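Worksheet: one structure, shown below.
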Protein chains: 2
Amino acid sequence: MDLLIKNIDIVTMDDCNKVIKNGYIGIKDDKISLVSDSLPKGTQWKEQIDGKRKIAIPGLVNGHSHSAMTLMRNYADDMALETWLFDNIFPVEAKLTEEFVYWGTMLGIVEMLKSGVIAFADMYMFMEEVARAVTETGIKANICKSPVQFFEDGELKRLDKSQGTIDYYNKYHNAADGRIKVFVEIHSTYMFNERTLANAAALAKQLNTGIHIHLLETAAEVESSNRDYGMTSVEICKKTGVLDVPVLAAHCVHMTDSDLEIMKAAGASICHNPTSNLKLGSGIARIPDMLDMGINVCLGTDGAASNNNLNMFEEMNLAALIHKGAAMNPQLMKAKDVLKMGTCNGAKALGFEDSGMIKEGMKGDLILIDTDKPHLYPKTNPVSAIVYSAQASDTDTVIIDGKIIMQDRKFKNIDEEKVMFEADALSRKLLT
Amino acid sequence: MDLLIKNIDIVTMDDCNKVIKNGYIGIKDDKISLVSDSLPKGTQWKEQIDGKRKIAIPGLVNGHSHSAMTLMRNYADDMALETWLFDNIFPVEAKLTEEFVYWGTMLGIVEMLKSGVIAFADMYMFMEEVARAVTETGIKANICKSPVQFFEDGELKRLDKSQGTIDYYNKYHNAADGRIKVFVEIHSTYMFNERTLANAAALAKQLNTGIHIHLLETAAEVESSNRDYGMTSVEICKKTGVLDVPVLAAHCVHMTDSDLEIMKAAGASICHNPTSNLKLGSGIARIPDMLDMGINVCLGTDGAASNNNLNMFEEMNLAALIHKGAAMNPQLMKAKDVLKMGTCNGAKALGFEDSGMIKEGMKGDLILIDTDKPHLYPKTNPVSAIVYSAQASDTDTVIIDGKIIMQDRKFKNIDEEKVMFEADALSRKLLT
């Protein structure tokens with residue numbers, strides 16, 4: 001066998017939510033080959049990690065991000081949504097090139113890996129560069145490409161670019177040893193129209209893949225959808241076939257009962273982005289209702305320009321807290337359910353069905369949390385410790401497809417200093 | 001001069017909210033003697049710190065805690081308030097002795113120092129032990145003692161113990177080179193009655209000190225106050241003289257307009273505990289209204305049993321986010337106002353009027369944040385970076401009264417390993 005992690009507390013997140021104290025995890029090739037409280041005799045291991053005072057959990061999955069927006073971190077805060085977007089973000093984004101997106105994404109990936117993220121869903125521009133950064137770093141990603149080009153000569157035209165999406169899909173889907181999944185991007189129902197929504201849905205069906213979409217993030221979208229389509233954004237998605245394929249829908253803050261029923265019936269996944277929804281004043285999504293209905297809800301950071309980090313520990317903490325407070329009910333959003341949102345629900349939503357649990361036969365995608373810190377003593381409930389007490393910086397080791405990407409917070413094959421340097425220099429060029 | 005910090009970005013939090021890039025901070029004895037963008041020639045320094053890639057901010061102040069409750073961290077979560085309190089916390093607290101409180105407080109202090117906290121307000125039992133831990137570690141604290149013993153032989157009796165509070169005040173107020181302030185504890189209006197409230201207020205007046213109180217944390221308190229006093233908790237505090245002295249009122253979740261007017265007129269300080277209020281389902285306090293009115297609002301963690309850490313970076317982040325989301329207004333709770341709540345407003349509320357700003361003549365109470373981390377690149381707005389992007393673990397150096405307590409995350413005079421070991425062992429004894 002290849003790798004043995006011993007003396008480790010394991011939060012498996014398997015179907016029985018099993019927690020093993022002082023156990024063993026074995027990895028062969030890219031898969032988990034052993035999860036046990038005792039070590040079978042006679043097996044030889046090429047490499048061993050002592051897991052004493054550490055907790056193993058499935059790697060975190062960031063269900064919605066625009067990673068390259070790290071370049072705009074802390075650039076524009078505490079302002080009205082329109083001022084933020086039209087006067088600050090859009091003018092900067094108009095200056096982006098391949099180089100900016102590559103290094104911005106690299107910075108985002110380095111930050112995410114150091115925060116225990118093993119896979120992320122990304123939606124942005126120059127997506128070839130995102131694929132390149134994912135390939136080079138060893139992380140997993142669900143990336144997407146829009147079949148519509150919105151503007152030409154500054155005018156909103158919604159031009160058909162389906163062939164670009166088909167080529168992108170053919171080039172990258174299941175590339176990087178299967179670490180990449182490609183979905184079709186639908187930015188939103190308000191940037192598309194009925195024809196382009198139907199075309200995108202047909203394209204996803206033709207490619208046998210899913211769709212990543214921003215859905216009902218703001219109250220303004222509720223109004224515009226009613227005005228433009230005479231129905232809710234969810235209803236127009238249903239009508240145009242968008243919900244006939246696997247859907248990863250970000251935000252979903254303003255959903256009617258009927259919208260939720262449609263999402264549930266379609267088997268769509270919803271990505272909750274608590275920091276971004278709060279920071280932009282979008283509102284508080286009906287997550288407890290969604291979980292009650294059995295909808296697959298995962299967690300995401302959104303871009304660093306509206307967060308301002310890519311820290312899934314903070315998203316788990318927030319998700320566990322805000323719905324209790326808003327509903328004045330401390331029994332909502334239990335720690336184990338939130339950890340499930342941050343791990344296996346995310347893996348499922350992104351199309352990595354063989355990830356998200358520490359279980360024999362699943363991919364070797366897991367992280368080790370260093371609990372030898374004052375804020376993680378005493379050693380009581382490991383699930384509560386991860387959701388309520390831990391910081392992203394407690395991530396000690398990141399293993400993806402059985403490969404050690406980071407150990408003792410040091411990367412094996414990524415030049416972290418160079419990434420920070422390049423991104424900082426480019427950001428200064430971009431923001432001045 | 002004693003200590004020079006050079007090449008440092010400084011968020012002064014002084015009256016003009018000045019930010020100095022690549023500047024200098026000088027410290028002589030226990031006070032800040034220099035804050036400048038240039039270094040006066042000819043001055044000799046005993047010790048120098050290179051502040052390159054670091055940000056200096058005033059040390060954080062935790063305005064409300066029960067530090068020894070670290071022993072109950074992650075012990076009881078996600079349950080109804082009554083189940084949590086009566087079936088889990090109270091039975092454990094009944095077993096506490098001096099030893100438990102000492103080591104639990106030590107664990108809390110070590111956690112807080114490593115999170116950039118230079119002062120905290122504490123309310124608990126065996127307060128002699130809290131004073132001992134504060135004295136030994138070098139942190140500052142506002143500690144308090146109740147003039148009322150609630151129970152005897154299991155019966156609620158509200159016995160007068162004023163002399164104990166007087167003795168405690170005489171022994172500890174301004175002790176440890178002025179690092180300790182002693183207030184009178186009023187647990188809450190519902191554990192006191194009209195007579196004991198008036199007595200406690202008179203005692204605080206007699207000692208010329210302030211009062212630390214839990215005020216209107218839950219909707220249940222609104223009801224009980226109306227039932228027991230025929231008025232709100234704030235109104236009975238006013239009637240009994242509680243608001244005639246400096247008051248540090250924790251929570252204040254359920255306040256009427258009139259309650260807020262009374263608090264404002266009294267010059268009372270309010271401590272917002274966002275994590276605890278959310279986690280216990282208490283609700284969301286009217287913090288934006290309080291700030292608009294000019295009330296001095298600070299931030300606190302509450303105890304680790306309802307949080308589950310003592311992480312003021314998380315409290316700042318939450319305070320900046322939740323009110324924007326709840327009111328759907330991204331312009332509320334700007335980063336600079338939240339950082340003020342976490343630093344100088346807290347120092348003022350605890351009675352450390354000479355702390356909370358990096359300004360010549362103020363006490364040398366400051367922390368250095370290490371920004372050489374992916375999640376703190378690129379270097380744009382340092383105030384946003386601290387409130388929205390940073391983690392507690394980014395605290396590199398803690399200086400209190402001009403003394404370096406922690407540098408490069410290592411303590412000068414605290415045996416961190418021993419504290420974690422002792423607290424862990426005692427917690428196992430306590431919780432089984």
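Each Cβ is built from the backbone N, Cα and C atoms, and glycine gets one as well.
Fair warning: this is a prediction, and the values are worked out from it, not measured in the lab.
Quick look at what TrEMBL lists:
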- B:3-47: domain 'BsNagA composite' (DOMAIN)
- B:55-405: domain 'Amidohydrolase-related' (DOMAIN)
- B:H64, B:H66, B:H214, B:D302: Zn(2+) binding site (BINDING)
- B:E93, B:H187, B:E217, B:D302: substrate binding site (BINDING)
Least crowded of the binding-site residues B:H64, B:H66, B:H187, counting other Cβ atoms within 10 Å of each Cβ, is B:H187
Please classify the secondary structure at B:E93 (substrate binding site) using three-state DSSP. helix
Using the residues the record lists for substrate (B:E93, B:H187, B:E217, B:D302), what whole-number Å value is the largest Cα to Cα distance? 20
By a three-class reduction of DSSP, B:E217 (substrate binding site) is assigned coil
Most Cβ neighbours within 10 Å, among the binding-site residues B:E93, B:E217, B:D302, goes to B:D302
In whole Å, how far does the CA atom of B:H214 (Zn(2+) binding site) lie from that of B:E93 (substrate binding site)? 18
Expressed in Å to no decimal places, the gap between the Cα atoms of B:E217 (substrate binding site) and B:H64 (Zn(2+) binding site) is 13
Helix, strand or coil for B:D302 (Zn(2+) binding site)? Use DSSP. coil
Take the domain 'BsNagA composite' (B:3-47) and count its residues per DSSP category (helix H/G/I, strand E/B, coil), listing them in that order. 0 helix, 26 strand, 19 coil
Distance, B:H187 (substrate binding site) to B:D302 (Zn(2+) binding site) (CA atoms, angstrom): 13
An 8 Å radius from the center of the B:H64, B:H66, B:H214, B:D302 Cβ atoms defines the neighbourhood of the Zn(2+) site; name the other residues of that chain inside it, in order. B:S65, B:M123, B:A250, B:H251, B:C271, B:N273, B:S276, B:G300, B:G303
B:H214 (Zn(2+) binding site) CB neighbourhood, other CB atoms within 10 A: 24
Expressed in Å to no decimal places, the gap between the Cα atoms of B:H64 (Zn(2+) binding site) and B:H187 (substrate binding site) is 12
Taken over the domain 'BsNagA composite' (B:3-47), the model's mean pLDDT: 95
Rounded to the nearest Å, what's the C-alpha distance separating B:H66 (Zn(2+) binding site) and B:E93 (substrate binding site)? Just drop the number here, would you? 12
